[in-house]
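To start, the structure under review is shown below, and the notes come after it.
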Amino acid sequence: MSVCVRIAPSPTGNLHIGTARTAVFNWLYARRHGGRFILRIEDTDRDRSLPRYTRNILAGLAWLGLDWDEGPVYQSKRIERYQAVVQQLLDRGLAYRCYVSEAELEEMRAAQKAAGKAPRYDNRHRFLTEAQRRAYEAEGRQPVIRFKIEEPLEVSWVDLIRGPITWNTQDLGGDMVIARADGCPLYNLAVVVDDIDMGITHVIRGEDHIGNTPKQILLYRALGHEPPQFAHSPLILNPEGKKLSKRDGATSVAEFQQLGFLPEALKNYLALLSWSPPDGEELFSLEKAAALFDFDRVNRAAARFDWDKLNWINSQYIKRLSPPELVERLTPFWQAAGFDLSEVPDPTWLEDVARLIADGIDRLAEAPPLSRFLFQEPLSYTLPALEQLRLPGVAEAMAAMATTLAAAELPQVSADSLKPLVDQVAKGQNMKKGLLMKSLRAALTGDLQGPDLLESFALLQRRGWALGRLEAVQKLVPC
């Protein structure tokens, strides 16, 4: 059997991180077995489905590198196909028109709740006569279409993650609506028809869909098809074990992209949410994971989103990038911060900046604040930096550093060539090396913390800004 799986997001919102994890699992399983990975857009909700969400979903999957083999297939373009199946079920007596109003349904649910029963449709219109149907239509009622669910009946399947599962049809809420009054199909019917037509062999999705599975199995059987195999992955919760929400930070793939996570790092982390490779490795490409992916190693327990671990994984991927690659990734973030990248002193300067800050960032979005002093002139100072520069003897030491730097004939500006000059000034000013270095950082970067000082000094000198910043200290010190 040739494996065929699908990811089927609904464009009623941006691509959610949970949907992305489901896409990763489907992609891994398809690649592991040499199968097909189909993208389907479930856009039958006319009120909530929006083109901008569709664009966001497609862009998010593409950014993650989850290439699909077929699609995108849009449900909105298959309405006639669904309506034909609904008519087939009506003709065979497996479905019927239901004229119960929303007010009557609410009254029914209220009575059931008052009696301590679970709310359900009581199938009251399953056996309407033709005269009764005409009477309801004369009132102007528009019927929905309900699929007949036999009760009592046990529906069982062996979930590839959770093992054997059995549902009694008495717990399914009565005959289910499969089409609205306007003819638009509902979720359970549309996905079953699609999965049949697309030859889906494995449905891999979140555990929140377990309750839909028995209904869909009944529809498969009614349409004369064997159901596919099902695998329901655990939900992703926040660190406190509650449903992941916007209060916990980013929840959409686009937000993670804006925060500066690399797609390869985010894919790596998503694969580790509920799954682990046999060798226990935590850093791997999705291609390597595909060779190892198996449902036996998917944990049934809910996964907790761990920001610290994601940040660590991302930092490791950043460190693996070559300087030119890192510059390419950082450029949009620098540009968004308003940095002018066209006026750099030499072709390798940006690469050296990237090399300097690579160890100090977990996310690309952290780069602009860390490297701002290298791109913006005049320099702005933090209050602690100003206090440092106003300490006794510091202004004189900065003036001496400026004089020494101006007189030096450096064959090549580097941290190694600047170090002797710093040592010379420390000795000449009778100043402890630590105090001088701290003061130099304040003068050159406007802060007391940051990347390697001598490397920063060299980059500023190559740009022609170091001398001016040392001389500017005199203006910061009260007379």
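Residue 1 is the first one shown; counting continues down the chain.
Here the Cβ of each residue, glycine as well, is placed from N, Cα and C on the backbone.
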- Task: Give the range, chosen from 138-142, 213-217, 243-247, that Swiss-Prot lists as motif ''KMSKS' region'.
- Result: 243-247
- Match it up for me: which of 9-19, 42-52 does Swiss-Prot list as motif ''HIGH' region'? 9-19
- Other than its close neighbours in sequence, what residues sit by the motif ''KMSKS' region' (243-247), given a CB gap under 8 Å and a spacing of at least six beyond its ends? 17-18, 235-237, 305
- Task: Measure from the Cβ of K246 (ATP binding site) and count the other Cβ atoms within 10 Å, all protein chains considered.
- Result: 9
- Counting by DSSP, what is the helix, strand and coil composition of the motif ''KMSKS' region' (243-247)? 2 helix, 1 strand, 2 coil
